[in-house]
Amino acid sequence: MTAGAGVLLLLLSLSGALRAHNEDLTTRETCKAGFSEDDYTALISQNILEGEKLLQVKFSSCVGTKGTQYETNSMDFKVGADGTVFATRELQVPSEQVAFTVTAWDSQTAEKWDAVVRLLVAQTSSPHSGHKPQKGKKVVALDPSPPPKDTLLPWPQHQNANGLRRRKRDWVIPPINVPENSRGPFPQQLVRIRSDKDNDIPIRYSITGVGADQPPMEVFSIDSMSGRMYVTRPMDREEHASYHLRAHAVDMNGNKVENPIDLYIYVIDMNDNRPEFINQVYNGSVDEGSKPGTYVMTVTANDADDSTTANGMVRYRIVTQTPQSPSQNMFTINSETGDIVTVAAGLDREKVQQYTVIVQATDMEGNLNYGLSNTATAIITVTDVNDNPPEFTASTFAGEVPENRVETVVANLTVMDRDQPHSPNWNAVYRIISGDPSGHFSVRTDPVTNEGMVTVVKAVDYELNRAFMLTVMVSNQAPLASGIQMSFQSTAGVTISIMDINEAPYFPSNHKLIRLEEGVPPGTVLTTFSAVDPDRFMQQAVRYSKLSDPASWLHINATNGQITTAAVLDRESLYTKNNVYEATFLAADNGIPPASGTGTLQIYLIDINDNAPELLPKEAQICEKPNLNAINITAADADVDPNIGPYVFELPFVPAAVRKNWTITRLNGDYAQLSLRILYLEAGMYDVPIIVTDSGNPPLSNTSIIKVKVCPCDDNGDCTTIGAVAAAGLGTGAIVAILICILILLTMVLLFVMWMKRREKERHTKQLLIDPEDDVRDNILKYDEEGGGEEDQDYDLSQLQQPEAMGHVPSKAPGVRRVDERPVGAEPQYPIRPMVPHPGDIGDFINEGLRAADNDPTAPPYDSLLVFDYEGSGSTAGSVSSLNSSSSGDQDYDYLNDWGPRFKKLADMYGGGEED
């Protein structure tokens with residue numbers, strides 16, 4: 001091909017750039033409404049005729065295309081009912097691409113879906129066309145058939161002799177069509193791309209884009225030197241419907257020689273996919289008795305092939321229908337939309353409840369010879385309508401019930417209804433239309449059996465009604481279908497017999513109230529409390545008895561019910577509440593079995609003046625001087641008005657001292673004041689009689705005693721302590737006697753204590769006069785002591801070395817002391833016997849003890865060093881070494897004579913002369 005060749009305009013066939021995104025629809029359980037593609041592309045010529053079809057968009061609403069409408073946002077294009085896009089007028093497209101939006105909307109749900117339509121304008125020339133090239137355009141040739149044609153890339157023209165430069169213009173290369181599923185051999189050449197500059201300089205060619213250097217990789221390749229482009233493997237339109245590549249031309253140094261051009265490669269569809277139903281089983285329903293043409297359901301099948309070609313155009317048909325009753329063609333299907341509708345009348349749920357329809361979908365526009373097919377099952381359920389009125393199984397029913405029974409089922413009414421059980425079309429509703437004007441009965445529906453239960457809701461008396469003839473009508477909860485009339489068997493008669501039973505007697509007036517005055521004597525006839533036996537035809541006798549008579553005041557005649565008093569009726573009794581006394585009586589007949597009824601008699605007791613007033617208070621206190629205070633008195637009466645106040649308070653004339661000492665002042669009808677009449681009354685307790693009289697007819701009087709304590713009072717009128725004692729009934733002499741008794745008792749207690757102390761002193765003295773043979777100090781006592789000092793720290797060792805100082809020791813407090821300690825208390829003095837002292841006796845006694853200790857090998861210190869605990873400073877004992885037992889000086893033992901006769905022997909031992 002040379003640069004001077006003419007431009008041949010190649011007419012491009014209409015094809016859409018489709019994207020493969022169909023999934024395996026057999027695994028989907030739900031349908032998603034919308035366009036099959038989001039973006040549709042088609043190649044068109046620049047001149048478009050009015051009504052010319054450009055492409056077809058495919059839309060699925062999942063319920064059929066019925067009610068789906070299309071519109072565009074361009075006035076130049078419209079969409080038909082089948083999705084075909086066409087021009088509304090003759091157009092000359094000025095640009096290389098036109099885009100607009102197609103909208104599908106459902107008129108029933110008002111939902112909308114959008115898709116974009118792109119129209120590409122192709123402008124090419126061919127050297128074989130015989131036409132001259134147009135100015136301003138480069139020659140670009142594209143021929144996919146071998147031998148491949150050369151495609152010239154645009155390049156800038158040189159400046160002509162007039163100094164003008166042609167303007168460079170980019171071109172849209174016509175798409176390259178590649179059939180899918182090609183068997184090769186591969187690589188298979190598609191086209192050769194060549195620049196018109198390759199005669200001047202060496203050029204290298206390359207391609208980029210999806211399918212070249214982007215996944216999927218290396219689907220297409222190009223010879224860098226010759227510019228021949230190849231496809232390397234079979235294509236699948238369902239994976240990629242189109243490819244967009246860019247071709248590049250550079251010199252050997254990598255410098256761009258030409259601008260990149262766009263290459264569109266479309267995979268030509270082949271019918272290699274069967275239609276697939278969205279669901280393998282479809283469920284629909286239609287009312288029984290529906291007219292022909294009634295919509296039932298929609299089945300939808302999708303084909304992965306190109307929907308704009310016959311490969312993807314699916315048509316539907318019904319293969320079989322089971323059962324074929326009442327006709328083998330009860331339904332039909334719209335071949336394009338998949339809508340199933342009724343085609344014949346006679347749908348009856350009571351005969352056929354469900355149909356199974358096999359639907360076939362075939363592509364190639366339904367051509368069974370060339371198209372691929374698939375099937376699905378449509379289950380059509382015939383829904384119930386109320387076209388069968390309920391009918392009684394019998395024209396009459398009967399039952400019986402004892403009188404006075406309620407909530408008792410008398411009879412069960414059975415009905416038959418051929419509609420669907422336990423649905424509003426089957427559930428029965430019963431209604432009594434005649435025979436029960438008083439409303440004694442109702443008919444309730446058993447929810448399980450649908451039977452009518454005739455129930456007594458209001459007690460029936462055999463003596464008034466012995467039988468009932470009811471008329472009952474039955475209907476359904478749902479109204480009957482149009483054109484269906486009620487059956488004469490929807491009404492039945494019910495005969496109900498009432499059985500007589502022994503009814504209990506009853507008191508016509510219950511509770512019965514009578515009024516009378518209290519205090520009527522026993523045997524008084526009060527009233528006749530009789531009962532009535534409702535069993536008038538049995539001629540039974542009624543007997544009466546008491547059931548409750550708390551105070552046992554009444555008696556009833558067993559045959560006629562006459563009530564008399566058995567005791568005096570007292571309104572003020574504890575058995576009377578609010579002036580009413582209540583008793584209950586029993587009336588029993590002699591039927592088999594006997595029946596009884598109760599009646600209550602209420603007696604309202606009218607008050608009479610039978611209770612005298614009582615004075616209040618019973619005790620009080622008052623000052624011994626009359627001008628300080630007084631006692632307020634009143635009265636209490638068990639009766640009621642007018643048999644109570646105003647009261648009259650007065651003092652009796654006997655004894656005369658009462659009126660002499662006391663006086664009563666009336667305050668009002670209920671109160672008075674009791675005060676002293678004299679100027680002074682000795683303190684004490686006084687019983688003051690007062691006569692109280694009520695205002696009854698006749699009036700009653702009562703003499704009551706009030707105990708009054710008279711006592712001295714302080715300035716505030718309150719009794720003082722002495723006064724309170726005196727007011728308790730003790731005189732001055734009694735008080736003095738009590739005080740003397742208290743003093744005598746205290747004196748006796750003091751004497752007893754002194755005697756006990758003296759007895760204690762004598763006991764200690766006797767212990768000092770015990771014989772030496774009995775002295776426990778001569779006994780050998782073993783103590784678990786290992787040295788140290790005395791445990792008895794209270795013992796005064798100074799008395800051993802300074803006995804003369806004992807006379808100056810102060811008296812010690814009474815308590816426990818040593819038996820060898822001299823008492824320090826006051827003692828009677830005895831005359832001192834003249835004695836010659838024997839100062840050597842004590843020395844001999846000590847020396848003898850020392851000798852015995854030295855000769856005793858068992859006595860301490862065992863020739864060993866003894867360590868004694870330090871007893872602290874201040875000890876009056878001093879050092880043991882201070883004891884001087886070898887002194888021959890005279891010792892004065894005269895102080896022993898001061899110890900009394902009990903120590904006479906000891907004084908004689910140390911106070912006498914020396915004995916040889």
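Using N, Cα and C of the backbone, Cβ positions are placed for all residues, glycine too.
The candidates are ASN283, ASN884; Swiss-Prot tags ASN283 with the feature N-linked glycosylation site.
Ranking the glycosylation sites ASN283, ASN412, ASN557, ASN632, ASN702 by the distance of their Cα atoms from the Cα of ASN661 (N-linked glycosylation site) places ASN632 first. Recorded residues ASN283 (N-linked glycosylation site) and ASN412 (N-linked glycosylation site) have their alpha carbons 41 Å apart, per Cα-Cα distance. Nearest to ASN557 (N-linked glycosylation site) in space, judged by Cα atoms and limited to the glycosylation sites ASN412, ASN632, ASN702, is ASN702.
Cβ neighbour count for ASN632 (N-linked glycosylation site): 13 (other Cβ atoms within 10 Å of its Cβ, all protein chains included). Secondary structure of the domain 'Cadherin 4' (508-613) per DSSP (helix as H, G, I; strand as E, B; remaining residues coil): 0 helix, 47 strand, 59 coil. Cα to Cα, ASN632 (N-linked glycosylation site) and ASN702 (N-linked glycosylation site) are separated by 18 Å.
Here the domain 'Cadherin 2' (278-392) is broken down by DSSP into helix, strand and coil counts: 6 helix, 50 strand, 59 coil. Its Cβ taken as reference, ASN412 (N-linked glycosylation site) is surrounded by 14 other Cβ atoms within 10 Å in the chains shown. For the recorded site, ASN661 (N-linked glycosylation site), the DSSP three-state label reads helix. Using a 10 Å Cβ-Cβ cutoff, ASN702 (N-linked glycosylation site) registers 16 neighbours.
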